[in-house]
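Student: Have a look at this one.
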């Protein structure tokens, strides 16, 4: 039976506040539902459009892949054992031959030789030898054995110089440099500015062969030539040397070297291309120039210009090379994040011609793209394709596959397999590999191993913002002991190599560093076993990073830092971190924003232990919390005396508000939830949100709306959650993934009207967004076709 509390006693008929973060206004009466007895509880019915069958098939495919890969490795090990056995047999045979040969030599040495023959031979050899005394008595100007006396050559200082350049340099350039050749002695520290200055004073490029000039320009490294282009152009102009297309290509390669290219650099490169078209008889660019242009546009994240270059190459009947396709593929994966375009380019490389077949780098980029788009199944298929086609596999591919396997519970064990394959192939793990080992242990909730990896990176002075973010992720994912809850062992412990690997890493952790400067504020225990320990250590790590590595702190780290408190701490802990480590950036916010203060229902009170009373300042409330808190770092408590700590806050993002709603739902605090969605409405009017693309805005709004529905559901405010669904039904694509929690809560209390409305929303979404045919349309189709 369903129990509904009276709405009159507690003023529950008040309207829900206006929600600024969504289109339109939502007004609905509030009802609090109490869960009835579990006896006879109806089960959740699956909809016809449910994807459970697809999920089961996907799990079966993953299991089949794991089994087949295990069989492949077993066969590979069997072949390896047979090879080693053959090597052992051949080694045994060769050792036997060596021993037999040695025995034969010993037998020959045992045969006695006539002493007379030995004695005569010694006399003959002694008479033929010339002693050192005889050699010393010979005159110095004695003729040679051939009877021809060699004449001494005249000394040439240029041929006997003690200074030689570390790079190949044309002889004509070397003569003009003179003593400035000393600037070219060290290959790593060449002062090219002084070299060009001395060359200019020695006559520059006047009268030098064009081939020697090109060789000299080719010898300048790409990372330095961009700063020397004005001097080189002046030398070419003074020497009446025309800038050929090959020299200009060197300039373009120098300008496009490095990471991101600005629009100014692209404009300068385009000017050089226009110059090439003018000096070229046919007015066309070469294949090399097009490849350099595509590489430059890729670093500028300009896919439109890349497509224009490809169209021009097609018009000029220039087939793109494998290098060109690889540059475009890398741009789509790492710069533009265009997975669809990346897949099309990769397929073109496979089927266009034999010359453009993808190599290891191309497979690496497309596997990373599939992993980034949560399609580890396709990434594993490509990995198997590389094995079948005998394409070389590198360490980055293994790391990407390990990272992707963490997204599937069925493949958590397989993720560490890929990591251990790096050691099996005798590869030296890179910093990127160590960081993702930390990531794997963090996703597994293995705080002890994550702390050990972070400590190892700290000892090597190799800590990066990414590794710090992964450590915070480990704190938030940690499985601490709770009454009545079991702890799952990390997947690495189910692996024989993994157990040994984990034990060796943990046994080598130094929790007491010799130097305080290089130390990190870890608790002096091997593992953290309580939420208080996790909250305290994460707060200490945050304060330590703010003081010594402030550049590591970014929006991702701040959101993870908030999530630790949302999962492990109390509501006071979360509010303290929310206010002290993040802030609302009001850039772009107009001054005419209205603030509406509505009275809260009396039935919903704050769950915080410390609440602000009338006349009490925020600072006094904060100081009171700091005095009582045992999990907040003393450095963060005394922010006033720590210069700069109080100003090192991170601007909030949409994810920050989602995490805040999760904390409000966990503690069922409606007051804090109302504050969050009110501030989220203000955040939508700031530049940080308005500058985003339309699709990104819609995705973030849907994420927050889903968090609101989940928050209200956990507070048992089912009518409010349903009101949000009804008001945004045609704005967002609601699926059973988001609706299942509310539907389950409504079915538990036999709220049939809510269940019916939720099913209707899911059904209409399948028709509007998924292209599902209506029942009446299907009947009409059958009637017209006759079957």
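Cβ from N, Cα, C; glycine included.
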Student: Which one of 17-37, 38-58 shows up in Swiss-Prot as region 'Disordered'?
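Tutor: Within the set 17-37, 38-58, Swiss-Prot attaches region 'Disordered' to 38-58.
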Student: For the repeat 'PPR 2' (321-356), give me same-chain residues lying six or more residues beyond its boundaries with a C-beta closer than 8 angstroms to one of its C-beta atoms, as numbers and ranges.
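Tutor: Hits for the repeat 'PPR 2' (321-356): 287, 290-291, 294-295, 297-299, 301, 303, 306, 310, 362, 365-366, 368-370, 372-373.
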Student: Within the repeat 'PPR 3' (359-393) only, compute the mean pLDDT.
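Tutor: Across the repeat 'PPR 3' (359-393), the average pLDDT comes out at 94.
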Student: What are the DSSP helix, strand and coil residue counts for the repeat 'PPR 3' (359-393)?
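Tutor: The counts are 26 helix, 0 strand, 9 coil.
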